[in-house]
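Per TrEMBL, the features are as follows:
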| type | residues | note |
| --- | --- | --- |
| TRANSMEM | 29-55 | transmembrane segment |
| DOMAIN | 45-294 | domain 'G-protein coupled receptors family 1 profile' |
| TRANSMEM | 62-82 | transmembrane segment |
| TRANSMEM | 102-124 | transmembrane segment |
| TRANSMEM | 145-162 | transmembrane segment |
| TRANSMEM | 209-230 | transmembrane segment |
| TRANSMEM | 242-265 | transmembrane segment |
| TRANSMEM | 277-296 | transmembrane segment |
Amino acid sequence: MNISGSGSSSESVREFILLGFPCSREIQVILFMFFSIIYLLTLMGNGAIICAVFWDQHLHTPMYILLGNFAFLEIWYVNSTVPNTLIDFLSETKTISFTGCFLQLYFFFSMGSTECFFLSAMAFDRYFAICHPLHYATVMTRQQSFNLAISCWVCGFLWYLVPVILISQLPFCGPNAIDHFVCDSGPLLTLSCAPAPVSKLISYTLSSLIILLSFFFILISYALVLLAVLQLPSASSRHKAFSTCGSHLSVVLLFYGTIMVMHVSPGSSHSTLMPKIMTLFYAMVTPLFNPLIYSLRNKEMKNALWKVLEKFKMSLKVFDSRPSRSVK
């Protein structure tokens, strides 16, 4: 990928300015503190889920292996944008290098694509577990779930590679101000000195395809799950199935509801503030809420998180009880 900032695509522009949220210095500091808290809570929440899946042997099942990977993905998803956004809140220049901008664009969209694949894989896992329970244990083995997770990562990082390469080869002669807090494909295409209908079409098509195809696949999977759950004879079995699938559906609606507004509906109808709010929601708010949704609606996950907390408390006690070495 030639995004080094040299060549015809960067003869005039070697860096971009991320305008972010234009406001007074005092408001910038308040936003910095607010987003820092959200960022830390997101890391802690998703990190706790990873630890729970790793340490609790009862969670070494396909559903929780996928969930652990999903939590790991959410950590890197916020890391692709939030640290740079926090720096810009306190920066006077708010600049990002040509290479840094396109690396952020690639990782941000790759993480988003990978999230679509993981949500689809998790929906398929629930469909197979509820609709075909007799074959589930033999088909969805631990090795198969690892293979499914690896496939999601690989497909997600390959999906948006071509549009990023095409946009990085466009001529950028100035201006270089991006009215956003992240490097997004829409503003970058607008800043190009030459019209790029092919790049714009490919970018829009791939974004729409991954969103719509995965969303309809998830809806069909859960529609079949709903029909199967309603036929279960036991009320407790129905409640457990609804509880597990309900948490998955909550995450799906939270993520797709905002991302569709941004990348499927025509961007020309958006105000300059709307893309920032929508991106802020699915890039920061959704990763924050996901651990809460999965832990509050899932009894097994709640028990595993309590075990993680107990282990953490025991580690602190052991550390505090160590006798301090006397200085001779």
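Any Cβ shown, glycine's included, is placed from N, Cα and C.
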Applying the under-8 angstroms CB criterion, which one of 29-55, 62-82, 102-124, 242-265 scores highest with the transmembrane segment (145-162)?
102-124
Please give the sequence-distant neighbours of the transmembrane segment (209-230): residues at least 6 beyond its ends with Cβ less than 8 Å from one of its Cβ atoms.
113, 116-117, 119-120, 123-124, 126-127, 130-131, 159, 238, 241-242, 245, 248-249, 252, 256, 259-260, 263-264
If we skip the immediate neighbours and take only residues 6+ beyond the ends of the transmembrane segment (277-296), which ones have a Cβ under 8 Å from one of its Cβ atoms?
35, 38-39, 41-42, 45-46, 48-49, 67, 70-71, 74-75, 77-78, 81-82, 108, 112, 180-182, 184, 247, 250-251, 254-255, 258-259, 261-262, 302, 305
